[in-house]
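According to Swiss-Prot, the features are:
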- 116, 117, 118, 119, 120, 121, 122, 123: ATP binding site (BINDING)
């Protein structure tokens, strides 16, 4: 018989006790129902716009709902492997008789911030029940018998017709078609975390005066909500167009590394006594946007620092795009290797990004949930100011994935797949009516050709390089020959992120068109820097159609009004090296 050392015996005893406690909670505690849906026999949960007009509900649509109950579940979790909910607290527990007519929405964001961060512990989740306006008309006065009222307000202190809930008070009012014409009812609810959280969507309200709840080891949770009948401003996909001067300016935001809460700076340079990472990063971004006033902003990955976003990646995504949305600037986005390491998958993040105001983010027909093709491979053209049917430039956006899935053969980072290169090549050949003009491509992880410091056509000579080359290029070990596709598509400039302390542009001569391969340079204080001290920076591009040229320059966090490393990239006037 094998006898375990005393230390391991103790660990085994702890494990047995822990499993017994977990099983007790799982088997003995009352279970929580997850889904309460509409009775499918009711045909009027969705109606057309004419119905709303006839009822005097101008501005209403089937997207509108009435929040009629709010509650939260207490749960117990073991890592990310098991989570069981054993206790429920709700304001309208007497709604039992009307549940079959309601739809329950659970916000999968742990208010305690424990799930995903601790091996085991207690988690809490907010939920709310909604009723569609068409059902208000259908049931009429029976709603009062079912004790169905709707939420009209959320306040810090109790008011008339309000009920205490967590650290706030919720106000309920009776509902009817007539009252819907007069009162404002809350239609949808979400939660954002951190004292610096932002709600950039115009028809949503963020209650920042007081938190919904604040736990000791968690960022404060704030309610954000919208009212019925409020429509967002039309901010769908924008048509990209040159200015009257024949120019098109792009601000590239690389490696912002934002998270939930303000967080401390990492490798700040120059160093200050106190430094909050995200506020400093956001201020820098706002300054550059106000100075440059670009026609497009491109996020080139790692805008979200995954391990700082386990509580809620949506909060961080909204924080990243808020300065751009506030200035009504169209924006595109690709993902890096850290974005989906928080609470949301790449696909879930993409679903949010694709519908946000001024977003150009698109799914390709081949994008997959398992990321084998990546998520967010798309193309946009820039059109002439004189002839809106004639493009003057093309922009390609590709998902460069994360880490190699065949690490024993090709260790390190993943690569853009041959199927992705073929997709944009086929799209170019079939769907782009006009194929002339200046072209750029954006993704996160650099190509292997970023290592081509030495000339391929002139042995012993170096390729032109402008900017800072401080750290090793972490390109994938496998070469999917994307540079060949980019050359065939006549791409002039490629720009990526990933390596924070490199900000150079290299003119690679391994293909006939000699493509410029550029880094954006790390912009966020929440990511690494170092290498002797590296100040955060942002790169700007200006496509000049009249000159058939692309200019680029950069700005530093500490001196955003000054530019450096200016290049005219296609006229031969760039310095050979700096």
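Keep in mind that glycine also has a Cβ here, set from the backbone N, Cα and C atoms.
Mapped onto this structure are the features recorded in Swiss-Prot.
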| residue | record | Cβ within 10 Å |
| --- | --- | --- |
| 116 | ATP binding site | 16 |
| 117 | ATP binding site | 16 |
| 118 | ATP binding site | 15 |
| 119 | ATP binding site | 11 |
| 120 | ATP binding site | 14 |
| 121 | ATP binding site | 17 |
| 122 | ATP binding site | 16 |
| 123 | ATP binding site | 21 |
Cβ-centroid neighbourhood (8 Å) of the ATP site, 116, 117, 118, 119, 120, 121, 122, 123 excluded: 77, 79, 112, 114, 115
In three-state DSSP terms, the structure that residue 121 (ATP binding site) belongs to: strand
